[in-house]
């Protein structure tokens, strides 16, 4: 197995483990504390990486005072969107499952294209095929079947509430991607990630102090806190750094295909680590979502 294939395999496996980790932390930590610790630790790691590997980018920004205010405004807005996105996403995971998070993550891809198509001509060209709409419809139907069957099995509305949180998160993420696309024309994506994660972590920390939730951390063992910090490192390295590497070295086509494999990896790891089980209808609906997204992304893949 060559190096590129090794990277692909490790990415799918590590991302498959990432959702159970987030689900586990969402159960044991209040959302504001969870996100503030994870984002501040992960953001700090990315800042260190930027200082070591991307000093030229930082010098370029400092050397152009005119764009500093421009970037600060957009990065701050991006941090706000990231804060909202992860608030709803973590709450969604708390009430659903790791697999549900990965399924809804797939739905974000075609939704992002639709929203981007409103503002960018190159994205608008991608939604002119009927296959896109057929695929999007299949994905939505599949996700609804998944949610309905899950909430019926639980016998309460918690799963349905979690699904609403996840839908809200992927909508915010789609709008957030528009800002990323605009800012990425000015600075490297890794620098964007470092800035966004740090700003989002600070915002979550302020909210945690304001709501007094931060004091709940006093009752948490040092082992769990270290685990949460490590989860922040893990999320940044797999969800951002490895993703950037694959997009840069292997292309968006390969990246999108790998994204479609993550729910399978998540289902297996979620079963082994969290004892999460799915019924036959949820399994079929998950496959429908994946097929729908493959159709919706088909033209995009050809163009990349």
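Residue numbering: from 1, along the chain as shown.
Here the Cβ of each residue, glycine as well, is placed from N, Cα and C on the backbone.
Remember, it's a predicted structure, so these values are computed and weren't measured experimentally.
The feature domain 'EamA 1' is assigned by Swiss-Prot to 13-148.
Sequence annotations record features per position, and here Swiss-Prot assigns domain 'EamA 2' to 171-298. Regional average pLDDT for the domain 'EamA 2' (171-298) in the model is 82.
Marked as transmembrane segment by Swiss-Prot on the basis of sequence analysis: 9-29 (among others). Tertiary proximity for the transmembrane segment (9-29) is limited to same-chain residues at least six positions away from its ends with a CB under 8 Å from its CB atoms, namely 1, 37-38, 90-91, 93-94, 97-99, 101-102, 220, 224, 227-228, 231, 234-235, 238-239, 242-243, 246, 258, 261-262, 264-266, 268-270, 273-274, 276.
Feature annotation from Swiss-Prot assigns transmembrane segment to 67-87 (among others).
Taking Cβ pairs closer than 8 Å, the transmembrane segment (100-120) reaches residues 15-16, 19, 22-23, 89, 92-93, 126-127, 132, 135-136, 139-140, 143, 146-147, 150, 159, 162-163, 166-167, 169-171, 173-175, 177-178, 181, 256, 259-260, 262-263, 266, 286, 289-290, 292-293, 296-297, 300 in its own chain, all 6 or more past its ends. Residues annotated as transmembrane segment in Swiss-Prot: 100-120 (among others).
As annotated by Swiss-Prot, transmembrane segment applies to 131-151 (among others).
The annotation transmembrane segment is assigned in Swiss-Prot to 159-179 (among others) on the grounds of sequence analysis.
When Cβ-Cβ distances below 8 Å are used as the criterion, the transmembrane segment (189-209) is approached by residues 30, 32-33, 35-44, 46-47, 49-50, 53-54, 57-58, 75-76, 78-80, 82-83, 86-87, 180, 183, 236, 240-241, 244 of the same chain, each at least six residues removed from its ends. Per Swiss-Prot, the feature transmembrane segment maps to 189-209 (among others).
As annotated by Swiss-Prot, transmembrane segment applies to 222-242 (among others), with the evidence given as sequence analysis. Long-range contacts of the transmembrane segment (222-242) within the same chain: residues 7, 10-11, 14-15, 18, 21-22, 25, 28-29, 34, 37-43, 45-46, 49, 190, 193, 197, each at least 6 residues beyond the stretch ends and with a Cβ under 8 Å from a Cβ of the stretch.
Annotation comment: Swiss-Prot describes 252-272 (among others) as transmembrane segment, evidence class sequence analysis.
What Swiss-Prot lists as transmembrane segment is 278-298 (among others), and the listing cites sequence analysis. If you look at the transmembrane segment (278-298), the same-chain residues 6 or more away from its ends with a CB under 8 A from one of its CBs are 99, 103, 106-107, 109-110, 113, 129, 131-143, 145-146, 149-150, 153, 256, 260, 263, 267.
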Positions on the same chain near the transmembrane segment (67-87), where near means CB under 8 A and six or more residues out: 31-32, 35, 39, 61, 169, 172-173, 175-176, 179-180, 182-183, 186-187, 192, 195-200, 202-204, 207
Same-chain residues at least 6 beyond the ends of the transmembrane segment (159-179) whose Cβ lies under 8 Å from its Cβ atoms: 74, 77-78, 81-82, 84-86, 88-89, 91-96, 100-101, 104-105, 107-108, 111-112, 114-116, 119-120, 143, 147, 150-151
